[in-house]
Amino acid sequence: MEKAKNNSMETKVTDFILLGLSHPPNLRTFLFLVFLVIYILTQLGNMLILLTVWADPQLHVRPMYILLGVLSFLDMWLSTVIVPRIILSFTPTSKAIQFGGCVAQLYSFHFLGSTQCFLYTLMAYDRYLAICRPLHYPVLMNGRLCTVLVAGAWGAGSIHGTIQATLTFRLPYCGPNQVDYFFCDIPAVLRLACADTTINELVTFVDIGVVAASCFLLILLSYANIVYAILQIHTADGRRKTFSTCGSHLTVVTVYYVPCIFIYLRPGSKSPLDGAVAVFYTVVTPLLNPLIYTLRNKEVKSALRKLAGGGGATK
């Protein structure tokens, strides 16, 4: 009898209902159009960066632009994992997502997000070498080594995503199945588990905290050395030109890490701000990255003009 009771208690949920973003009903059509436009612009902007880096022979062999191309590729996929589900939430269609689909979305998000985290660190290291060790830069950071480091970032991101998805979905889910969020993410899904989630919350806090904090500290260390090197430049024009090459990366890192810290380093939080903050780094940041790098980078703008004029292939 007891065994039958336990089996009944652990009846598995076959799908989840994503409740989406809270919004007034009269804004549904407007929000649908806003997120649709954001998604299209994100894909087009990042695709344009990829094509520009690939088409210009002066860019696609340089580590800085190899990393920028990988970032654009990640942003395209991160946006695809999240935004279409938000768009569907503003339509009359079913908001259900299959259990396997929820697992895949959570894994993909943390895989891509952590890979992006490692990539930002590599970009900071690349700028550190270029500015602080310019004579040794071609040896310390070449195309081949950059490719190996990027592969390592992808591998580490995959391991991180696997750990998070496995820990989250090893727990029993027996109902309710309504996820009070716009995608399957750890804090929202764990609230539906039919078991104690203390260990999961602790591991998530430590795992994501260690990854994010380590990357962030390495980035800060790189830029501390960069700032020191810039201050040694005697001319104001030289300082401004050198810092401009790093300003875009600093901007992107700031808008990525601050929201992540707000969401994941506050275990058990049910703040209504969580959804709005999550929209910023899952939806807005992938849109902003191409704009930030294009508007602040003269070489990218020059390559874009060549591409637009049919002169992408230079001698």
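Using the three backbone atoms N, Cα and C, a Cβ is placed for every residue, glycine included.
A TrEMBL annotation is a machine prediction, not a hand-curated record.
According to TrEMBL, the feature transmembrane segment maps to 30-53 (among others).
Annotation source TrEMBL lists domain 'G-protein coupled receptors family 1 profile' at 45-293.
A Cβ distance under 8 Å defines the sequence-distant neighbours of the transmembrane segment (65-87), meaning residues of its chain 6+ beyond its ends; these are 18, 20-21, 32, 35-36, 38-39, 42-43, 46-47, 49-50, 53-54, 59, 97, 105, 108-109, 112-113, 115-116, 119, 122-123, 126, 143, 146-147, 150, 182-183, 279, 282-283, 285-287, 289-290, 293, 299-300. Taken from TrEMBL, the feature transmembrane segment applies to 65-87 (among others).
Same-chain residues lying 6+ beyond the ends of the transmembrane segment (107-125) with a Cβ under 8 Å from its Cβ atoms: 64, 67-68, 70-71, 74-75, 77-78, 81-82, 141, 146, 149-150, 152-154, 156-158, 160-162, 164-165, 183-186, 211-212, 215, 218-219, 222-223, 249, 252-253, 256, 260, 282. Residues or ranges marked as transmembrane segment by TrEMBL: 107-125 (among others).
Here TrEMBL flags 145-163 (among others) as transmembrane segment. Through the fold, the transmembrane segment (145-163) approaches residues 63, 66-67, 70, 107-119, 122, 126, 207, 211 of its own chain, all at least 6 residues removed from its boundaries and within a Cβ separation under 8 Å.
For 208-231 (among others), the entry in TrEMBL reads transmembrane segment.
Residues annotated as transmembrane segment in TrEMBL: 243-265 (among others).
Among the features that TrEMBL reports, transmembrane segment is placed at 277-295 (among others). Within its own chain, the transmembrane segment (277-295) is flanked in space by residues 21, 35, 38, 41-42, 45-46, 48-49, 68, 71-72, 75-76, 78-79, 82-83, 86, 109, 181-183, 185, 248, 251-252, 255-256, 259-260, 262-263, 301, 304, which lie at least six positions past its ends and keep a Cβ under 8 Å from the stretch.
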